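J.: Just lifted these from Swiss-Prot, have a look:
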BINDING   G54, L59, L105, E106, R120  S-adenosyl-L-methionine binding site
Amino acid sequence: MNPLLQDYARILLEWNQTHNLSGAKHLSELEPQITDALKPLEFIKDFKSCLDIGSGAGLPAIPLALEKPEVKFILLEPRMKRAAFLNYLKSVLPLKNIEIVKKRLEEYQNPLQVDLITSRAVANSSFLIEKSQRFLNDKGYFLFYKGEQLKDEIAYKDTECFICKKRIYFYKPKESLC
């Protein structure tokens, strides 16, 4: 694993001891989550900007930002302690390419247009698409990290999905919404 990803994992485990940001207690529990965050880089189109919704403890945004330092990432996280953790990461890791915004998706009013919108374990795909599509440029994609519940979601229809173990990567172009 990339040394910067190891640093991220170490810091997350340290913060978990007092702040309970994720369920992981050991590196062996975090490594698969980091691998999961990076897996889509094998199949998604290149992108120059990304909006991550509900960034939480930084998955998938922080591993992606560390692997793609040339890409601009905006991390939306409404909860104070998680936003504080993300800001701390930005101060101690080479993450000049991220901006942390302490807001809910529904409150965010920036007119930006990004190439990719990501989310992991936040909400139903239809809801995420409806509330976030205004931030996605016309050639952009949604990338949602989903479990088996995706099969029950309406947004799943006519969507390119990639499956690895129990993870379903929902990958849908904005232009398919028309």
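The count begins at 1 with the first shown residue.
Note that Cβ sites are derived from N, Cα and C of the backbone, with glycine treated the same way.
Structural setting of the listed features?
T.: Counting only same-chain residues at least 6 apart in sequence, those with a Cβ under 8 Å from the Cβ of L105 (S-adenosyl-L-methionine binding site) are I53, G54, L76, L128, K131, S132. Secondary structure at L105 (S-adenosyl-L-methionine binding site), taken from DSSP and collapsed to helix, strand or coil, is helix.
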